[in-house]
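Trainee: Sharing a structure with you now.
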Amino acid sequence: MREIVHLQTGQCGNQIGASFWSTISGEHGLDSTGVYQGTSDLQLERMNVYFNEASGGKYVPRSILIDLEPGTMDAVRSGPFGNLFRPDNFVFGQSGAGNNWAKGHYTEGAELVDSVLDVVRREAEACDCLQGFQITHSLGGGTGAGMGTLLISKIREEYPDRMMATFSVVPSPKVSDTVVEPYNATLSVHQLVENSDETFCIDNEALYDICMRTLKLPDPGYGDLNHLVSAVMSGITTCLRFPGQLNSDLRKLAVNMVPFPRLHFFIVGFAPLTSKGSHSFRSLTVPELTQQMFDAKNMMAASDPRHGRYLTVAAIFRGRVSMKEVEDQMHSVQQKNSSYFVEWIPNNVQTALCSIPPRGLKMSSTFIGNSTSIQELFKRVGDQFSAMFRRKAFLHWYTGEGMDEMEFTEAESNMNDLVSEYQQYEIAGVDEEVELDDEIET
């Protein structure tokens with residue numbers, strides 16, 4: 001079957017990853033040690049997309065856990081799902097990257113990368129038909145950003161024809177974890193533009209907003225944020241893991257979502273967003289799901305789709321949903337909001353259906369949008385980058401690890417190019433219409 005190899009790097013990547021594995025273990029009826037306790041054959045049918053079957057009826061995640069310091073890995077190992085993972089798949093250094101992209105990409109990370117690739121090869125060789133890789137990491141730190149992008153480029157080199165999907169936590173507008181975040185993020189985007197096939201952008205601030213505004217949680221913690229991310233990750237891969245009427249996989253998703261190779265940065269969303277206790281008090285309908293799914297407030301990245309236009313959209317519905325109803329809803333969204341979709345891609349919404357809902361819900365939908373408004377996010381990081389880079393602030397930490405200023409300049413201009421490409425396609429197609437109007441009047 002179409003296996004996916006999962007990598008999680010750095011503190012953020014490992015925490016999101018741990019949350020993701022607990023979510024999909026539950027969906028497939030596995031307990032915290034990987035023993036199958038489920039009731040339905042459907043849970044077993046495509047278990048091997050993410051799990052290897054081990055002796056004694058245990059299932060082991062095809063997951064590789066990577067960090068440059070042992071702390072986060074110890075936390076995962078001692079957590080509720082610590083016994084799920086294969087012990088050989090924990091690869092960690094001792095020194096840490098100290099939020100320094102250069103350490104993750106060139107010095108500390110480069111020393112560890114070969115032992116990670118050995119584990120990647122071992123996992124890939126055990127697959128029947130490897131579909132691709134997915135990696136969870138953040139772009140603001142040292143390990144997830146620096147070493148994460150190093151791994152992506154190494155895997156790209158070795159498996160050029162396999163899909164590479166990344167779940168990347170991008171820096172937030174107001175909440176900054178580290179001062180050098182803009183540097184790390186810009187250097188990472190520079191890599192992702194070239195080496196990733198699809199990048200799902202997530203940011204903490206948008207997640208906080210959802211937790212507080214929609215879920216009414218008084219003080220959300222990282223556990224709540226990671227829960228939202230894992231819901232989306234589970235939704236995106238649901239068609240691979242369960243039979244459905246309209247199946248999609250990483251490659252089909254990319255073919256439908258990426259009109260130009262560099263523009264593969266997606267905004268994601270999920271519906272229904274209900275707090276843990278309240279979802280039993282309302283019934284869900286497809287129109288409600290669709291409305292919530294397209295609602296700008298529920299996007300998990302801080303860029304407002306109303307400020308741009310959608311190039312393409314994918315909607316993945318789960319549960320007992322009528323195919324016709326979904327098609328009608330999607331059609332009506334495009335009709336009513338046609339100004340928010342580019343007119344030079346006629347049917348730019350792709351739908352997929354899967355008959356098995358997530359745990360505790362009757363139906364759900366996952367939203368993936370390739371919107372030109374994502375440029376806001378890159379623009380914001382770029383402005384912060386150039387403000388610091390103009391003064392060469394903090395640069396010695398990077399040049400001390402052997403980096404050159406030239407690399408910073410290249411990364412900056414690559415990101416500026418990306419922003420202007422998004423701008424160009426946002427207004428493309430409008431110009432021709434203006435000329436047509438003139439002709440009609442004459």
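The first residue you see is number 1, and the count goes up from there.
Cβ coordinates are placed from backbone N, Cα and C, and glycine is handled just like the others.
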Trainee: For the GTP site that Swiss-Prot gives with GLN11, GLU69, SER138, GLY142, THR143, GLY144, ASN226, which of ASN195, ASN204, ASN247, ASN256 also belongs there?
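Mentor: Of ASN195, ASN204, ASN247, ASN256, ASN204 joins GLN11, GLU69, SER138, GLY142, THR143, GLY144, ASN226 in the GTP site that Swiss-Prot records.
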Trainee: Please list residues from the chain of GLY144 (GTP binding site) whose Cβ is under 8 angstroms from its Cβ, counting only those at least six apart in sequence.
Mentor: THR9, GLY10, GLN11, CYS12, GLY13, GLY104, HIS137, SER138, VAL169
Trainee: Report, as a single number, how many Cβ atoms besides its own are within 10 Å of the Cβ of ASN226 (GTP binding site).
Mentor: 22
Trainee: Using a 10 Å radius around each Cβ and counting other Cβ atoms from all shown chains, which of the binding-site residues GLN11, SER138, THR143, ASN204 yields the largest count?
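Mentor: The residue with the most neighbouring Cβ atoms within 10 Å is THR143.
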Trainee: List, in sequence order, the same-chain residues at least six positions removed whose CB sits under 8 Å from that of GLU69 (GTP binding site)?
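Mentor: When sequence neighbours closer than 6 are ignored, GLU69 (GTP binding site) has PHE92, GLY93, GLN94, SER95, GLY96, ALA97, THR143 within Cβ distance under 8 Å.
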Trainee: In terms of DSSP three-state secondary structure, what is the assignment for SER138 (GTP binding site)?
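Mentor: DSSP call for SER138 (GTP binding site): strand.
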Trainee: Let me check the 10 A CB neighbour count of GLY142 (GTP binding site). How many other CB atoms are there?
Mentor: 29
Trainee: Which whole number of Å gives the largest C-alpha distance between any two of GLN11, GLU69, SER138, GLY142, THR143, GLY144, ASN204, ASN226, the residues noted as binding GTP?
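Mentor: Roughly 23 Å, rounded to the nearest whole number.
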